[in-house]
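Student: I am attaching a structure below and will ask some questions about it afterwards.
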Amino acid sequence: MVNKAWFQTATAIVMTLIIITLVMNVGVLFQPAAIVLSTVFIPLLAGGLLYYVTMPIQKFLERRGVGRGSSIFTIFVIILIVITALVLIIAPMIVNEIQKFVARWPLIQHEIAYLFDFVLEQTERFDIDIGNPINELVDQGLFLLRQITVNFFSIVANTVTALLTLILIPFFFFFMLKDHEKLIPTITRPLKGSFRGFVVKLLNNIDKTLASFVQGQIIVSIILAALLYIGYTLIGLEYALLLAIFALFMNVIPFIGPWIAYFPALILALIQDPILVIGVSIITLVAQQIDGNIITPNIIGNTLKLHPLTVITIVLAAGNIGGFIAMLIAIPFYAVVKVIVVSIYDYREDLRESMFRHIE
């Protein structure tokens, strides 16, 4: 009976429930670890992103005989040059648009409230029952706008704290570039036999999956943001650079991210000139078609093999659980879990034999 699949599945479920119950009941014991993890999570995440983005550069340099120290130094110099160029060229444009946006924020807030009121009036005029959910959404939107205005100084304070946290990022990034080959051997050193080989292969697959996702998604996001900026500028949409930068971060979220970036552009277009809504919509659709048919297939391909409905479900669930950061990491996290599950399924016989051999 022990070897039956149903028995092993039931045992795994029971053990998982027991572990979850124990963790929930002794959560106080894990608070120090949780505090440490929350402190280093963002720097570690940012360092990992930089590592995967610059890893091709490091490999390119080292294949041509450049030493590890020199390759790391070169990468840091390149990053410094890019940051300097962004500060000198793009930063003044961003500051100018932010100043204009802040100066016009009360008017924009008033116009948004007017748009909501107009929609409600039209629904009442044509006797359309839009229901409580829409009314609640409007109330929440107006409340959010008020909160952003009231808590402006709190947002600035949190930004300063975040900047202090950024000091840790170069350290994580440096050691990832320096010692990344040592990570898998260190993790698998206590393991023996075929099980060790399985874990090594699994970790290499996870590394390749994360590298493919991060590198591809960032390249795609930059290209899409550039396309949107060019399009918004051509039609004369105000705050084109801010909207493109917002889209740059949103496009990291597959499928749903570009449409999140679409709504601020849509609202600002309505406020500036309703006719611009047509231009913004056309630009967004064209950019999505170029992305779906040309950019993503050639850069990312079908590495993750995720259905759009799966992506949307995962991203929305992650957003409800952990907010924006959870939305950003939801897809790579799911991809890693998928790699683990598929690998265990493919190698389950070897894994089972290896585990029982070590138990005996």
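Quick reminder: no glycine exception, Cβ is built from N, Cα and C everywhere.
The transmembrane segment feature in TrEMBL is assigned to 6-26, 33-52, 72-95, 152-175, 210-232, 239-260, 266-287, 299-318, 324-347.
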Student: Can you work out which residues elsewhere in the same chain, 6+ from the ends of the transmembrane segment (210-232), have a Cβ less than 8 Å from its Cβ atoms?
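Tutor: Apart from its flanks, the transmembrane segment (210-232) reaches 48-49, 52-53, 55-56, 240-241, 243-245, 247-249, 251-252, 254, 258, 261, 265, 279-280, 283-284, 286-287, 290-291, 295-296, 299-301, 303-304, 331-332, 335-336.
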Student: Which sequence positions outside the transmembrane segment (324-347), separated from its termini by at least 6 residues, show Cβ-Cβ distances below 8 Å to it?
Tutor: 42, 45, 198, 201-202, 205-206, 209-210, 213-214, 252-254, 304, 306, 310-311, 314-315, 317-318
